[in-house]
Amino acid sequence: MRSLIAFPFLLIIFDNTGSLLCNSMAAEEAVVGHGHDVAGVTAPAAADLSQLDAGALFVLKSKGSWMHCGYHLTTSIVAPALLSLPFALASLGWAPGIACLVVGAVVTFYSYNLLSLVLDHYAQLGRRQLRFRDMAHDILGPGWGRFYVGPIQFLVCFGAVVGQVLLGGQSMKTIYLIARPGGTMRLHEFVIVFGAFMLVLAQIPSFHSLRHINLVSLLLCLSYSACAAAGSIHAGTNAPQRDYSLPGNGQDRLFGALNAIAIVATTYGNGIIPEIQATAAPPVTGKMFKGLCLCYAVVVATFFSVAISGYWAFGNRAQGYVLANFDLEDGTTLVPKWFLAMTTVLTLLQLAAVGVRSERFGKRLLLLARSLRLTRGVKVVYLQPTNEALEGLFADPRKDQYSARNVTPRLVFRSLSIVVATLLAAMLPFFGDINAVIGAFGFLPLDFVVPSVFYNLTFKPSKRGVVFWLNTAIAVISSMLALLGSISAVRQVVLDAKTFKLFANV
């Protein structure tokens, strides 16, 4: 008897022991071409056909190089949400803010490398793990994969997709109101339009197929980050009087600091490291480390330049979206209008939207700030865990990936998952607050706690050594921060609850 664990249309299939149907290298190699023609399967491999996992074979194709891993990693981490980092520094101050950025970079790079080492270890043993829940099942036991890591990862990823659709709709509405001040179209109409675009992107067959899109995304984030930093430096010479003191009273400062830490942590968040490493062609050893080095070269260049320049220029007046600071209340701008327009276009291109500049643009940017802080940008990579689960549930691994038998359910159920995400985004324009809670419960444990636990349980480092206690300290401190961040996020939901309204036109 098989059991299903489901978040709307995010289905994870397990056998009667709770294990996935198959995640080993033997299964991965059982089909010639990794999920294509099965005519040339050898006799021993043919015996394993009944156990093949279509999600792994079709979506997580292992064909990529270390550079492709780097593109995927960069796209999953670096997004327009980084433009909220000056706001985070404004709630922490110079020394704690910079320290938080440095610690976030070091700990996540270290944690992601720990995950990669664990994945390499199991691959060398002939049991290559392709998904986060595979790792949890093998290392922690079936219950952890079934009831914690799997559901948490899918909540995080599907929540990111809903947030992406909402943010895309808000961006499109901004452009519409710039072109037609006083226009009557409502937010949910733009959300539906953007959801239709995401529906097309959802049909991209495999994670590996995104490598060129993710390279373009990498170049875009470098471009708008450079523009934002340069604009902040230029604006700093013309900005109003700067104040670097922490705003508010003691309680406000405390929750502001917790919110800022959560912003920094989730900005560095990933949540799909095993799925990204699964796209690397065997042998995988060392490829992920090179990809992480490429990714973090981009992370350091973008995160630190934007955060430091933005906070230096605007102090504790830094908005949740730093470009909003370029537009003054009297309608003038601190940077040339053409420069702000170019930066905005580059930013919105990564959100699949193109914007132009108008006198009202800064006011509309303020409405985007909350959503930008709490979503991960429009990244098709966060559709992949959903697509992989749907493929594993409804596709037939014995058939060709592009056969009618497999294309039809792929088209239907991937489209259905986007329809659900679009409906939630249209109904709940305050989903950013809910997503903050999901992020605190999800990104912090998956990216900071779980890697250290996996490494200690897999390699069993000596309790007299530094590695064991360093990993333990990271896991304990991150767990505490996740709890405090969750409390802060829930508090924000409660404070904003009075403004919540279904299908609100915000």
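Using the three backbone atoms N, Cα and C, a Cβ is placed for every residue, glycine included.
Since we're looking at a predicted model, the values are computed, not measured.
Feature annotation from TrEMBL assigns domain 'Amino acid transporter transmembrane' to 63-488. For 1-19, the entry in TrEMBL reads signal peptide. For 72-95, 101-123, 144-167, 187-204, 254-273, 294-314, 334-356, 411-431, 437-455, 467-490, the entry in TrEMBL reads transmembrane segment.
Using a Cβ-Cβ cut-off under 8 Å and counting only residues 6 or more beyond its ends in the same chain, the transmembrane segment (187-204) has close neighbours at 161, 164-166, 168-173, 176, 210, 213, 352-353, 378, 380, 383, 387, 410-411, 414-415, 417-419, 421-422, 425-427, 429, 503-506. With respect to Cβ pairs under 8 Å, the transmembrane segment (467-490) is most closely packed against 254-273, considering the stretches 72-95, 101-123, 144-167, 254-273, 294-314. Counting Cβ pairs closer than 8 Å and at least 6 residues apart in sequence, the transmembrane segment (294-314) and the transmembrane segment (101-123) reach three or more and so form a contact. Here the transmembrane segment (72-95) sits apart from the transmembrane segment (411-431); fewer than 3 CB pairs are under 8 Å, leaving out pairs fewer than 6 apart in sequence.
Contact counts against the transmembrane segment (254-273), taken as Cβ pairs under 8 Å, peak for 437-455 among the stretches 101-123, 411-431, 437-455. Long-range contacts of the transmembrane segment (101-123) within the same chain, counting only residues at least 6 positions beyond its ends with a Cβ under 8 Å from a Cβ of the stretch, are 25, 73, 85, 89, 129, 135, 138-139, 264-265, 267-270, 273-274, 277, 282-286, 288-289, 292, 296, 299-300, 303-304, 307, 447-448, 451-452, 454-455, 458-459, 471, 474, 478.
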